[in-house]
Amino acid sequence: MSVPAKFIDVVAVGESCPSPSESELGKSVNMADSCTTLPASASNGTIKLESPTTVSSDEPNEPDVENASEDGSPHSHCHGADGKCTCPSIWTRTTCGLPLGGFFLAFLNSVASSVSYGFFLGYMGLDSYVVMSIGALMKLPQVLLLPFGMMNDCFPICGQHRKPYFVAAWILCGTSLLVMTVRPLPEPYYCQLPDGSFDIMSPPCNPEIHTLKNWYVFPLLVLVAGIQMGCVAGEGLLLEYSQKEPAKCRGKMKAEFTMVTMGGSLLSSAFMGVFMNGKEYLGTFHWSLSFRSLMAVCLGIAICIFPMSLWCVTEPKKEERQSCRAHVKSSWKLVKNKGLSAVLLFAFIMQFFSTISTTAGPMVRSQWAGVKVLQQQMFIMGSMLVMMLATWVYKEYFLQVSWRKAILFAILGVTVSDSIPTFLAVFDVVRNQYFFLGEDILGAVPSTALSLVLNLMVIELAEPGREGLCYGLIGTVMHASQPIATAMSNQVFGLFQPNLSDPRNYLADTPSFRNTVALSYALAYGASMLGACALPLIPKQKADVQRRKKEWSASLPMAILVLGIPALCLPYGVAVLLLSSQPETACMRWIGGPGCP
């Protein structure tokens with residue numbers, strides 16, 4: 001389990017183009033992992049640092065009322081001697097494809113992040129360390145936030161920077177969904193009892209299903225990459241639309257977009273909770289959609305949204321484009337800034353330690369706590385609402401609190417709130433799914449605090465006109481630590497005996513095995529606490545940021561360190577995750593397996 005993983009990884013309660021991910025970080029399953037690719041100006045409730053989409057040049061200017069409508073993009077109308085302007089809308093015939101696309105990108109993202117628990121752990125009967133590896137692989141597109149943003153800015157298609165990539169994202173999503181829809185679904189790994197539940201203690205009925213998982217893992221990876229590409233392009237378009245808003249209502253379109261995408265995540269949670277709650281997917285109903293039918297529903301959505309992304313999305317005309325060389329120069333100059341590079345290093349270290357999680361997490365959740373899909377999705381929805389409330393409270397009352405203290409509170413708060421129900425479940429004191437899932441709601445409060453603080457730091461550190469680039473650097477460097485952290489988790493916790501990934505050990509439920517599981521959780525909690533050691537790298541508050549800007553000079557060694565560590569760690573982590581996700585090599589002990597025969 002990884003403590004703050006949940007909040008660094010789970011992002012904006014209100015900002016949402018999705019981001020992949022169900023995090024099997026111990027006990028926590030990502031609640032609305034929604035991505036945001038906004039520049040620093042948008043802080044309305046964000047909880048996750050994600051990417052840039054555009055490197056905008058200046059503060060948004062007042063709209064050119066006479067010319068704004070020539071390209072079909074949102075525009076304001078001014079009238080009367082006093083020049084009063086009405087606010088533009090994203091709900092016009094030429095722009096409504098953007099919010100509707102954002103809604104369904106959030107929907108698809110939540111679906112992709114939710115299937116790991118029921119489908120891979122339940123239906124396919126994969127070991128928990130393999131499920132964790134698959135979850136980490138599905139988050140790899142988050143590392144591409146900055147490259148996707150650069151593609152948007154540097155490589156226009158047919159003279160347009162955002163819309164073609166928004167359309168291409170739906171093609172990518174539709175292709176991956178089509179592959180999973182047309183492929184026949186094999187029988188589940190375990191035999192089923194008369195009541196529909198799995199007979200884990202008997203030999204599996206379909207062991208060959210493990211050799212077929214790549215037909216689902218890699219299409220899901222492509223789906224998540226498409227979602228991420230759509231996020232970046234969509235947020236870029238939204239920023240350009242927002243620049244046409246008059247000062248009195250600037251931010252209105254972003255607020256509407258946030259509510260719409262939040263609605264997509266909530267609808268997806270409700271849909272998955274009801275229609276994927278069959279016993280073969282670790283649910284409680286005797287009926288449910290099959291995985292193949294779920295993908296067919298999502299494919300239908302992609303087919304419907306594709307023409308809307310073509311005909312109901314308009315991209316404002318641009319006078320000039322940013323060159324790729326200019327992007328690279330800007331990125332290098334930012335990284336050499338010692339104040340920002342220190343925050344980048346902190347983000348990498350924090351995310352690394354918070355992602356360290358025991359491989360016992362998914363099994364404790366499913367076997368001992370008895371968490372079912374419907375209840376899990378209900379608590380995810382509750383967590384979103386709590387995060388929204390926590391965001392408002394923080395902005396109203398705690399904006400001037402020391403950032404270091406706020407992050408320390410977040411680390412301690414999530415650790416304590418998570419450890420209580422976890423250890424009570426491990427030692428069979430309270431094994432109740434509602435009590436166990438309550439941590440997801442309690443943990444939303446410190447999660448929100450940490451994520452908001454990270455956003456506030458970037459807002460203060462970013463140079464004017466480089467907000468999006470700054471966000472992209474933070475998101476890319478931070479997410480580069482996830483594969484190596486998950487790989488090391490599998491390697492370390494794979495050494496524990498009895499095996500933490502074997503469901504039969506949880507059914508036997510011996511006192512010695514409980515102690516082994518508790519020890520693995522204690523180690524994971526201890527690792528997550530080590531992230532607090534990096535707190536001196538970040539400024540205390542806004543005044544400290546300005547002091548660092550004035551007093552700290554550029555540092556080439558620091559820049560090399562910040563970029564070099566992720567560059568070395570990422571390939572190793574990805575290689576281990578790929579090996580652990582393949583049936584031929586998953587048994588290897590050095591990657592977390594039980595040992596090959």
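The backbone N, Cα and C atoms fix where each Cβ goes, and this holds for glycine too.
Database features (TrEMBL):
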| type | residues | note |
| --- | --- | --- |
| COMPBIAS | 39-58 | compositional bias 'Polar residues' |
| COMPBIAS | 59-69 | compositional bias 'Acidic residues' |
| REGION | 39-75 | region 'Disordered' |
| TRANSMEM | 103-123 | transmembrane segment |
| TRANSMEM | 129-152 | transmembrane segment |
| TRANSMEM | 164-182 | transmembrane segment |
| TRANSMEM | 216-238 | transmembrane segment |
| TRANSMEM | 259-277 | transmembrane segment |
| TRANSMEM | 289-313 | transmembrane segment |
| TRANSMEM | 334-353 | transmembrane segment |
| TRANSMEM | 373-394 | transmembrane segment |
| TRANSMEM | 406-429 | transmembrane segment |
| TRANSMEM | 516-538 | transmembrane segment |
| TRANSMEM | 559-579 | transmembrane segment |
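Within the same chain, the transmembrane segment (103-123) stays apart from the transmembrane segment (516-538): fewer than three Cβ pairs sit under 8 Å, each pair at least 6 residues apart. By the count of Cβ pairs under 8 Å, the stretch nearest in packing to the transmembrane segment (334-353) among 164-182, 259-277, 373-394, 559-579 is 559-579. Counting Cβ pairs under 8 Å that are 6 or more residues apart, the transmembrane segment (289-313) and the transmembrane segment (559-579) reach fewer than 3 and are not in contact.
Ranked by the number of CB pairs under 8 Å to the transmembrane segment (373-394), the listed stretches 216-238, 259-277, 406-429, 559-579 are led by 259-277. The stretch from 216-238, 259-277, 406-429, 559-579 that makes the most Cβ contacts under 8 Å with the transmembrane segment (129-152) is 216-238.
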